[in-house]
Amino acid sequence: MNEKQRLEQTGQIKTESHPADRKSALDRLKEKTTKDYEKYFTSVFLPPNLKEAKKRGKEEVKYVKDFSIPEEFRGMGRGRKFYIRTYGCQMNEHDTEVMAGIFMALGYEPTDRPEEANVILLNTCAIRENAENKVFGELGYLKPLKTTNPDLLLGVCGCMSQEESVVKKILKQYQYVDLIFGTHNIHRLPYILHEAYMSKEMVVEVWSKEGDVVENLPKVRKGKIKAWVNIMYGCDKFCTYCIVPYTRGKERSRRPEDIIQEVRQLAAQGYKEITLLGQNVNAYGKDFTDIQYGLGDLMDELRKIDIARIRFTTSHPRDFDDRLIEVLAKRGNLVEHIHLPVQSGSTEILKMMGRKYTREEYLELVRKIKAAIPDVALTTDIIVGFPNETDEQFEETLSLYREVEFDSAYTFIYSPREGTPAANMKDNVPMEVKKERLKRLNDLVQEIAAKKMKQYEGQVVEVLVEGESKTNPDVLAGYTRKNKLVHFVGPKSLIGQLVNVRITQAKTWTLTGELVNEAIEVNEHGKIYAG
């Protein structure tokens, strides 16, 4: 949806009100019918709708390549500061980089102190209830700031904003929030801020259906060593427990030439590692109608670029094809680490989850990957306590984990998400049982992780040095190609460089070693050698 279409759809009408006469957005909704409520907001009120979000439109996704800050908004932030708190996944981290870029293009300055900010945004995650509770707690914590500084703009954005229940709760319980916007219209941040400054009411703009693919958005990247690169948006899998297809929209792929150009620019700027992002990253290109081009093809082109490491996340087993495996086996700057969420080891539970693969199909995929990349590091996600999960089905998860021998796993107790099919399933697994299963799984995860890490002792590994250790400023920290955290003593000048480290001690989640030689360099052919 472009700006013209948005205005045509909404028929935006603005009214002014005296602060003393203000009524909450929820009060106005109760007073007026659904048909005419829009005109009672200074800005157009577009709440999310889960039913609309599930519809996958046939209209062509528009590619907007000419994003720019409107002249009338330049200087809006002069003398003002912004603060963004980010919850959740790497996609949210990247969205924050984009919003920070827009803020700074508007003239705002960043601050890491909420009490100094003129605009505070909470970029939220909806994947689990615990993540949402943290955001509501933070909103309560920020209320005194809003009370003492009425001119402060307080906003909620990200995935939680795409949920009907969340927006209704904010309208009812957190009426001091000034603006709510979702994941599809980040590029409209200048307009939303302008409306919030001009209005006397809460600004709510959440598109239930996906927006355009907007290129050339400004970004303020975190650091100069590693960078996120979005290659696609949305997910069409609709796993029964997952809210993401509703909050992020249908699958939309960026054009390969735009991605390749961005990666080349990052390489020219000196970045050492990029991570390709997508909710279902290996579905990349399946929405193209004019070319046959998938993630394997993209990776095959990116591996020729002079950058040390390329990763991707998160992949779905169903879309992990032979072409991608073939390209990853070429290695070079394509790392030997794959995150491959399995969620359960039981075919029956996988069917209830709507994962669209069986235990046997997942194990066959793992066999293919290991045959092509024998030293690959596989990590995964697992949910325990899914509705109706039996002891036998949980044991199947444990046995699959033992068979694959994952390097590590993100493990969770099932968290029902309102609006998803699984939320309507009868949950007959007691919480005590869920917790006991999680403990048993985590014990196994740690056992296998410790065994795999022990194998590194005496080995020399390539480490990308990211900075000082969080616990000791005299120690440097970085990650291997397989995403293992390594600590070693060395000069600060090595930060941002690739070095060789001999591992002297292995713990469950970290490695300790000693510097072997100077920084590793990457030549013009993308080949790595020790200097």
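From the backbone N, Cα and C atoms, a Cβ is placed for every residue, glycine too.
Model, not experiment: these values are computed from the prediction.
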**Same-site residue for [4Fe-4S] cluster 1 (record: Swiss-Prot; known: C89, C125; options: C159, C235)** = C159
**Asked** Cβ distance under 8 Å to C242 ([4Fe-4S] cluster 2 binding site), same chain, sequence separation 6 or more: which residues?
**Response** I127, C235, R417, T420
**Item:** Overall pLDDT of the domain 'TRAM' (454-517), taken as the mean
**Value:** 97
**Asked** Taking the centroid of the Cβ atoms of C89, C125, C159 as the [4Fe-4S] cluster 1 site, which other residues of that chain lie with their Cβ within 8 Å of it, listed in sequence order?
**Response** Y87, G88, M91, N92, T124, A126, I127, A131, G158, V244, T247
**Prompt:** Counting across all protein chains shown, how many other Cβ atoms sit within 10 Å of the Cβ of C159 ([4Fe-4S] cluster 1 binding site)?
**Reply:** 27
**Request:** Work out the three-state DSSP category of C125 ([4Fe-4S] cluster 1 binding site).
**Result:** coil
**Request:** Calculate the distance in Å between the alpha carbons (Cα) of C159 ([4Fe-4S] cluster 1 binding site) and C239 ([4Fe-4S] cluster 2 binding site), and round it to a whole number.
**Result:** 17
**Prompt:** Does C239 ([4Fe-4S] cluster 2 binding site) have same-chain partners at least 6 apart in sequence with Cβ under 8 Å from its own Cβ, and which are they?
**Reply:** Q343, M353, G354, R355
